[in-house]
Amino acid sequence: MQPVPSDPNYGLLRSLFQDPNNQCCAECNSANVPYVCIKLGVFICPTCAHFLSTLGFKVRPIMGSSFSEEDISRLQSIGNLVSKQFWLARWTPMDIVMPPPEDPNLESFLRLKYIEKRWTSSLSTSDGFSSPNNNNTSNVNNINNNSNHNNNINNNNNNINNNNNNNINNNNNIINNFSNINNISNGMNNISLNNINNNNNNNNHYNGNDIGIPIVHKTQSQPQPQPQPQPQPQSQGFSPFNSPRSSPKPGRHHLIDDLISFNPTPVNNSNNNNNNNNNNNNGNNGNPLKFSGGIPQNNNNNNNNNTTTTTTTTNNNNKVPFDPFSPIKTFSESGEYQNTNGNQQLSGSGNSLIDILSHPTQSKSPSPSGTPHSLSPQHHSSDFKVHLIDIPTTQQQLQQQQLQLQQQLQQQLQQQQQQQQQQQQQQQSPISNPFTSNNNSNSEPLVSILDKHEDLHNHHHHQQQQHHKQQQQQQQQQQNGNNSPLAQFNQIQQQQINNNNPFVEEKQPHQHPHHLQHHRHHSTSSINHGSNGDLASISLTLLTPSPSPSPSFNYSGGVSSAPNNSLNNSCNGNNNLNNGMLNFSNLNIGGSTSSACSTNSSSNITIANNINSSNNINIINNQNNQNNNNNNNTNNVMISPSPSPNPFLPTPTSTNQNNHIITPIPVNPFTDNLQLNSNNIRQHPQQMYIQQQQQQQQQQQQQQQQQQQQQQQQQQQQLQMQQQQQQQMQQHYQQQQQQQQQQQQQQQQQQQQQQQQQQQQQQQQQQQQQQQQQQQQHINLSSSAPLQSVNHSPIPLQPQHSSSQYMNQQGYQVYPNVGNQPQSPQQIQPQPLQQQIFQQVQQQQPQIPQQSPQPLQSSTDEDQSVLEVLNLKKLFDMNMMDKEEFEHRRRQIIDNLTKTTSPIHQQPPQPPQPVLPVSAPAQVPQPHPPQQQNGPTVPQQQQQQQQQQQQQQQQQQQQQQQQQPIPQPSSSSPTPDARLTGTERVIRHRFDAKLGKWVQTATIVITEPTPFAEGAMRKAFRMKDLSAEGPSSQMVAKLFKDSNEDRMVYFKDVEMQTYSKEIAERFNLKSPPKKIDFVPAFVMELVERQGKPFCAVEYFIEGKYEKHNNNFGYKNDYDRNTPQAFSHFSYEDSGCQLIVVDIQGVGDVYTDPQIHSADGQGFGKGNLGIEGIKRFFSTHQCNPICHYLGLSSVNPKPANDESGTMPRPPSIGQSYVRPSAFPPNLQQSFSFNFPPLKDHHVLEQLNQQQQHLQQQQQQQQQQQQQQQQQQQQQQQQQQQQQQQQQQQQQQQQQNQQQNQQQNQQQQQQQQQQQQQQQNGHPPPQTPLPPTPQQKDKPKIEVFGDILRKLVS
């Protein structure tokens, strides 16, 4: 990932990004960190960047972004490690478990941190800390304690007095006068030290306050200017870290000034040269101060013999710009300290505190980030090192301090009473928190919050035990009195170190001296420095390591009166100076100490330098002071500096005696340290959280394993169940097969039995037939048979194999022979007249397959045959059929009655041979006695010969067809239609094309119930008009197969055929070679039927029925000229508005046409509009008749093609004159007018013109749509206005419509003029534009007038 290469801060940003501590997200520990949040000063992953952006933080990507110096300083001062340690000090996994990186609950966790401020709710400002106040000072008043004191100080170099307890009297009033301490944090807390007076009078104990000792300061220390804090916007989210603008980075000498920023009363110290050869009792006086992060392992006993006492003054306006999240500067701006004495220069050996502060050396500890020094920033979060300071203090300095304090006691006794009163008032008032703001807010201090989470949690179980041990030790000390107080102090102090320090192993107390002391009840100790000590007046009570990266100073303004103070002040002239480890990242600053036990500091580890003095102080330089050298600090295990190493792990020290720099081991607290195997290391809450997660994962794995085992068991059970089911299914299937086999065997047996029975029955039937045929007599039918009042049509079905001129030859059907009879053309039995007889026939039909056909044995069958013959004779007498058809049908009835014919397979139909009729049976029912008919008879000899031949054929075929199924003849026969049966009265509707209306007349008709032909949509029935005579009485009724068809369809079809007839008449006026005509059609309303149904009726046409074209471009193979020319003529005759197609009929007499209109409206379902017109011309070829009529040439036939009808030569080339007027109703159906067409040579130009017209029409339509939209908008605006405005709009719309109409009329007139000028009319090859033509309705004229106009 590379930012902008041209960025001047590119190198710093690169080193920050390559830091291992910044490689993981500061919020979720994800490995991908392509984003940064400048406000928080951390590197984050894309998921956390998204969540933080939703919470109001500004997030920017590293790739392609530029960073200012302030942004880089922000990232340097904080970084991911500081941020993580800050939150770990406040948050524990026991409170709320941090979600993993991919968990959606991570957003709610971040919301708790930054929006709801769950763990930082006690902070006063949006940054989590109180705002800085540069002028805020707190005065620490003089704390005076009245007591009896002795001024006798014996400076004897030879006396040895180790029993100081006998000479301990009431202590002097030692006043620690602090005034005008201006401690200014770097934007964190305003530190105010309140006046607290703690008096504790114990017998035989030192009772006094901390001794105020003058400190060496810079004489001309200028206050550093503090930048004004900039208010942060509230919408950008909460940040616990301050802006780098208000956080100056102090150097090392500034940090020391912060610790010694007290202004005690100046004391004139005498320059006394004391020879201290062996003055390192319980102290490391020869150790140089180095900011090395630890304490050297061995002590140097060589001390400086000459010490100089200097008097310095401090600036009251001294400021402490300390940023807890900023690293310590490695080099000060001034470069060195100035010596205020002027008489003696500072030591240049580099071993003193001043030399190191004035000439700092670069730390030799390796950078944890591994970044080269040239690329590493000056202040980096990973290079944040907190150094431990060794405080060199000698006995001579102690004596000088005591002398100065005794001189100050006299001056301070006068002010004691006033101070006590002030102290009492302050004790009654609540103690202010030094880390809270001046607004008296209840927010909890930062350092106490940081220490309280971890230290209380880890060391709470030590409190009761330590308190009990301390009480026992105090009681024993009081009982013993003056018996070896130094030994008691050393033992008790060592026990306290071993018990109170959680970082020192309890099993090895001898390795850890008494330099560590834990104060759980706010007991304090004073570090008394010599006159030449640079940190002489610092009273450091608690220097506690904390898991928080923030500092924790604890300035004690008074000494607690707890019993432990006696232990701290019980040494006789011994310095008891331990190397106090000053962890500047964990300094606990306290305004005062109290005698009450406080849990806020019970977990703090106090590392104090206790200097015990009494009124009679014997300072011994030469003798017996070496006895206390056993208390030197050797093999120290130091507390790890924060924040780089883990504060819960010990820091190994270097064994190099020359170089006292202790290199801290960088330990990442967020990762497991597998190399540390110590048993006494205290477990971090994060490690506990990791263990909990591991336990949860193990439990989840166990649960998953259990679930998998359960699933496997379930699957096994399912497999077993499936196998059992399959076995059951197989058994069941086998049983079913066995049952089926048994059933089949039984059926076969039954069939064999039935066949045997049928054979016996057939033999019996043959014998009976022979007997009956011998007894039959011939019945002669005559035309004088009485006519009965029949209500139904007697017309039987025309046989399909007959050669009648009225039947279509394509519907021939052959059936297999029935029973053992010889094969003959199977004839469909005629249907009875009455409905009852028809039902009886249907009931008898299922018995035919079971038994072979038998001759008629009952009187019912004979009656049916007789009635059919009588009805047939009646129709013949009424001239409804000719003699040939009559004879054919009569023979059919006789053949069906006698069963003497058989069908012939796969042979074309042959004309029937003249067969004499067979006499009807003699038995005739009484109600209808049969009448004999005059006609020829058949001799009995011929009849016997035929019977013998039939018997022989039956015997030959009987064996082959015994098991063949017998078909039902009635199943293939058309069923009669109940709508057309018998004779009835009807109303005939005839359309008059001249008048354009329907005319109704009443008549009587007789129809047959069964159709003689069927089409795709309709059935054809025979009908006769009894009111007419001759051929006009023969008609055909056409009914739709769908009884729910709309009635108006019949009227539309008749109307369309009437229009075609009118166009055919105009076609005949052109004198074509053959004239054409359309059969007149009517609509019959059957008023006597239920529901009064309608049917289309037209005159019957005799001859061969042919179809020349259809409504979708079909053309007959013969391609006659006249029908095709008529369709072409109808298109141009109608002004290119319609075309007549679907020409079919007999000869040139056509019927059932179809009309395509340009608008696609009207003329029934077959009207295909423009598409139908295009289909016709796609297959049409202009023939000579088209040229004769003067029609436009479209795909003309070759000139040498002389097939078809040819017109007369003189008439070729004549132009067709369109009639001036059309029938009124026909004119109404023409809703579009097509533009004139030119010759076929300019068809391409026409196509272009048509396309141009189409584009114009589209533009017009678009304009109209736009106008409509504008009108709609206007209407919406106008609806809100008054009614008057609405009326005006309506008038405007009317005017627009009138203008449009006028424009359309003008266009139509122009088009008509162009049509008259042009002669050619070729049909279009592309879709014609639908330009409507509105014509005025002409007056109704007589057909004769129209003919006159046409002729003229």
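For all residues, glycine too, the Cβ spot is worked out from N, Cα and C.
Summarising the annotation, Swiss-Prot assigns domain 'Arf-GAP' to 7-127.
The zinc finger annotation in Swiss-Prot covers 25-48 and rests on sequence analysis.
Per Swiss-Prot, the feature region 'Disordered' maps to 123-164 (among others).
Under the heading region 'Disordered', Swiss-Prot lists 219-380 (among others).
Residues or ranges marked as compositional bias 'Low complexity' by Swiss-Prot: 268-287 (among others).
Marked as compositional bias 'Low complexity' by Swiss-Prot: 298-318 (among others).
Residues or ranges marked as compositional bias 'Polar residues' by Swiss-Prot: 359-379 (among others).
Annotated coiled coil per Swiss-Prot: 393-429 (among others), in sequence order, evidence recorded as sequence analysis.
The region 'Disordered' annotation in Swiss-Prot covers 424-445 (among others).
Annotated region 'Disordered' per Swiss-Prot: 457-484 (among others), in sequence order.
Per Swiss-Prot, the feature compositional bias 'Basic residues' maps to 458-470 (among others).
Positions annotated as region 'Disordered' by Swiss-Prot: 503-560 (among others).
Look at Swiss-Prot and you will find 510-523 (among others) tagged as compositional bias 'Basic residues'.
Taken from Swiss-Prot, the feature compositional bias 'Low complexity' applies to 619-636 (among others).
Here Swiss-Prot flags 619-658 (among others) as region 'Disordered'.
Taken from Swiss-Prot, the feature coiled coil applies to 689-781 (among others), supported by sequence analysis.
The DSSP breakdown of the compositional bias 'Low complexity' (1279-1319), given as helix, strand and coil counts, is 36 helix, 0 strand, 5 coil. In this model, the zinc finger (25-48) carries an average pLDDT of 90.
The residues near the ATP site, meaning same-chain residues not in Gly1164, Lys1165, Gly1166, Asn1167, Leu1168, Gly1169 whose C-beta sits within 8 angstroms of the mean position of the site's C-beta atoms, are Asn1111, Gln1154, Ile1155, His1156, Gly1160, Phe1163, Gly1172, in sequence order. Within 10 Å of the C-beta of Gly1164 (ATP binding site) there are 13 other C-beta atoms, taking all protein chains into account. Applying DSSP to the domain 'Arf-GAP' (7-127) sorts its residues as follows: 51 helix, 8 strand, 62 coil. Of all Cβ atoms in the shown protein chains, 9 besides its own fall within 10 Å of the Cβ of Lys1165 (ATP binding site).
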